[in-house]
Amino acid sequence: MSGFAGFTLRRAVGAVVTLLAISVIVYVVFYATPGNVAQITCGPRCSPEQVHQVAQQLRLDDPLYLRYWHFLQGILVGQDYSTGTSVEHCSAPCLGLSYQSDQQVMQVILTKLPVSLSLVFGAMVLWLLLGVGTGVLSAWRRGRFTERALTGVTLAGVATPSFVIGLVLMIVVCGQLELLPFPEYVSFSDDPEQWMWNLLLPWLTLALSEAAYFARMTRASMLETLAEDHIRTFRAYGVGERSIVGRHALRGALAPIIALNANDFGAMVGGAVLTETLFGLPGIGQELVHAVNVVDLPVVVGMVLVIGFFVVLANAVADVLYAVADRRVVLT
Amino acid sequence: MSLVQVTDLTVEFGDLRAVDGLSFRLEQGAALALVGESGSGKSTVASALLGLHRGTGARVGGAIEVAGTDVQEASDDELRRLRGAKAAMVFQDPLSSLDPYYAIGDQIAEVYRVHTRVTRRAARARAVEVLDRVGIPDAQRRSRSRPHEFSGGMRQRALIAMALACEPELLIADEPTTALDVTVQAQILDLLHTLREETGMGLLLVTHDVGVAAESVDEVLVMRHGRVVEHGPVADVLETPTEAYTRELLAAVPPVDARRTTPGGLSEAVARDGGAVLPGASAEDVEAVSAEGGQAVSSVDGEVVASGAVSGDGGVVSAGASAEGGKAVVSGRGEAVAPGAAPGDSGTVSAGPDALAAQVGFSDASAEGGGAASPAAVTETARRVSSGASVDVVLEATGLRREFGRGKRAFAAVDDVSLTLNRGETLGIVGESGSGKTTLGRMLVGLLEPTAGEVRYEGHARVGVNPAVQMVFQDPVSSLNPRRSVGESIADPLRARGERDEKRIRGRVTELLERVGLDGAHYDRYPHEFSGGQRQRVGIARALAADPRVIVCDEPVSALDVTTQAQVVALLGELQRELGLALVFVAHDLAVVRQVSDRVAVMRSGRIVESGPADEVYDNPQDPYTRQLLAAVPALDPQVAARRRAARRELAAA
């Protein structure tokens, strides 16, 4: 792969440009919206003087472009913040300070990110296994009872909201059968085994409805591949159905699976709010909803940027996998 | 025991009976061709031999025995053991017939391992061996390539290698060369010939191209509508066909080594059409031909005019006819009489010898029979010649160059091409795929901007699309919008010109539809309701809508069956004659180009390697590439085919 270095470079530049664009849009959308940020941050009981002081601290009187410039500076070289009495240094990739807690946004994100990534990675493994497996099985057993049954199940999976699945799982597995304790997040570095047991239900919750989409898509694109001419060639040469489905048809169906997976992975990092809330997982999604509610703008902007980063990253990885799966694809 | 024994085979897809009571037999090591036009059921038969219809919903009746296996009764496992091991199939489109994701050597090895209990390594070695056998250079390395890294010809070789892997007794080749260029086609046919000589395997060749059959087999079975029309040794069927349909099929194949019939090859095609129509042709054919204004040509006692009857005697025809101005007696085989108008060149000859080449064009009307338009056409021709003493150049291209890609990847698809097109003449442009002929055509029309050089229309340089220069596209299916009625498509150029009056538009479109031999009432029909030939007529009507002086036809007939092809070519000729159009006829088919063109340009790698009057180029080719092309054209006569094969070997050795 001679063009790989060039590809990485181009993608990196593209990612930076994308993230810059996202930051501009998010910044403008959130900071230019009406509403007295200083008042909200300070609290309802603040006097006008206090509000004014907060506004100065937050540089709310500066023009928007200047504030954006400071924001960018913070990301690139870090920044010093005065919190009234002391001066705090926020080092290089600095996304600012939370209005609410005065914590550095980067710190907030870094504490939440492992939770979200744990959730999404594990769920992804499950949804790929379940979804692609079901899809392959339906394509192989096409026209028979197995396929019809699986089609019904996946349709039900697509139609059921994830919080319903999660709730049912929790009530049945933890409440009735008492197979697992009610989940509580344990970090991987503390206790890998507990980490897994506690995340099992959230993973299943997130994966089941997602797997249904993958099953449907895998089945559809495999059936499409099975109708292609090269499949006819292998039939005409006596190659067995198992090999035709498992080797040739699945290979042709990989590209859309990779593409869908990249999208979903990126979106789930910040978008698994329902599952996080249901199982009390302190992840990015939950924190983002909270930050929006209290108008903690630096946290919102920082999180949107981080989520954007993961979407861009997931898609770049998908492009590489694409090229590995299909040698006709030229990385540019 | 025969290698293949098919008895009373029927295949039905729903209500459609694709194959109807077909029986034939193929002995060990023999070669049989199933020849027919699209929809004749020939490929369906090929698939049935391997039981490929099983599980598709098609109903197969009758008995099929291939290499000792009763295909109808065999279990799935028995069928798998037959497929690939005893009977192997080579498909039409070698790109889509190979899995794009796996290396070619791996795919062959996989097939080999299905039938033999050998290790992966041994199977891989076998793959390299057969790839080497079919002439893939550096087979060891190339076996690791994926299909897209191979050229069309190499892919077809790879498919043949896959077929050879298990040393089958029977090779079924379904249109093995249809997607290939003529020189590559010749190589593949030669390869099949050699392999058959060496291995003694039987060959069942499915093809629409009678020439390909003549090159490759001992026996021919002509199919139509799922039934046998004629079956016999190749020499007998091709030289003395007993069935009318076979004659029609043969007549529709333009001969590459015959001079363009003087005057006007296109009108001769009409004659052939007319001839073909008489005996039991389908209703559509009759409609199509009569709508073209070409009445069937028949002799006094109703004998059909065979192809070549009109040809070769142009001199006689014009001499007699110009004197009489009345009936022309054609004596090609001494049996056909063409009643009707004078050949169009009579006036021309006396009027202006210099203008002959340009004016003769398609002005002949004799072959058409008593077409009312023909005397008018003659006068028109004569008038034009006498008034304009010099030849008018309508379209002139100088130093045309077109590059694609930028920087290091830039390459010139067309490189320094200059040509002129005279009023009313046909310029043929031949070349293989990738020669730049389509790019050139598009630049002439103004669809593509040249990188360098210019196109002048009637002496004026033009940028962009010129209404006076129109195009007819190759694929009549994809060049019409499936969601718009054909009438609307044809009306596009009118609307583009600013015509707003719906009534006038409809009137003009109806007129155009009738002009190209379709029913004017078909305005509101959609493209899928038409056959390929009819769709191409719609395309022509659309080109005519702008009242062009020049039409660039980019492979206008290559997607059509031979008989339809002849009809469309005839239509173009007739339009040219009546409207005084100049045509640029871009095609890869050397024979078709010869039959329609006054002058020919041969393209290779973006350049014109040879150009001149059609007969000069074809009869006495100067450039080695032209010679190579001509040697590659399959001949209808098996003996000629054998001679050409020898000639190709010489050219290849040289």
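Cβ coordinates come from backbone N, Cα and C, glycine included.
Please treat TrEMBL annotations as automatic predictions, because they have not gone through curation.
Residues A:265-285 are the range that TrEMBL records as transmembrane segment, among A:55-75, A:265-285. Sequence-distant contacts of the transmembrane segment (A:297-324) (same chain, six or more residues past either end, CB-CB distance under 8 Å): 1, 7, 11, 14-15, 18-19, 22-23, 26-27, 30-31, 37, 71, 95-100, 105-106, 108-109, 113, 255, 258-259, 261-263, 265-267, 269-271, 284, 287-288, 291, 330-331.
Each of A:115-137, A:195-215, A:265-285 was scored by its Cβ pairs under 8 Å to the transmembrane segment (A:149-175), and the highest score goes to A:195-215. Same-chain neighbours of the transmembrane segment (A:265-285): 109, 111-113, 115-117, 119-120, 123-124, 161-163, 166-167, 170, 183-185, 201-202, 205-206, 210, 303-304, 306-307, 310-315, counting only residues six or more beyond its ends whose CB sits under 8 Å from a CB of the stretch.
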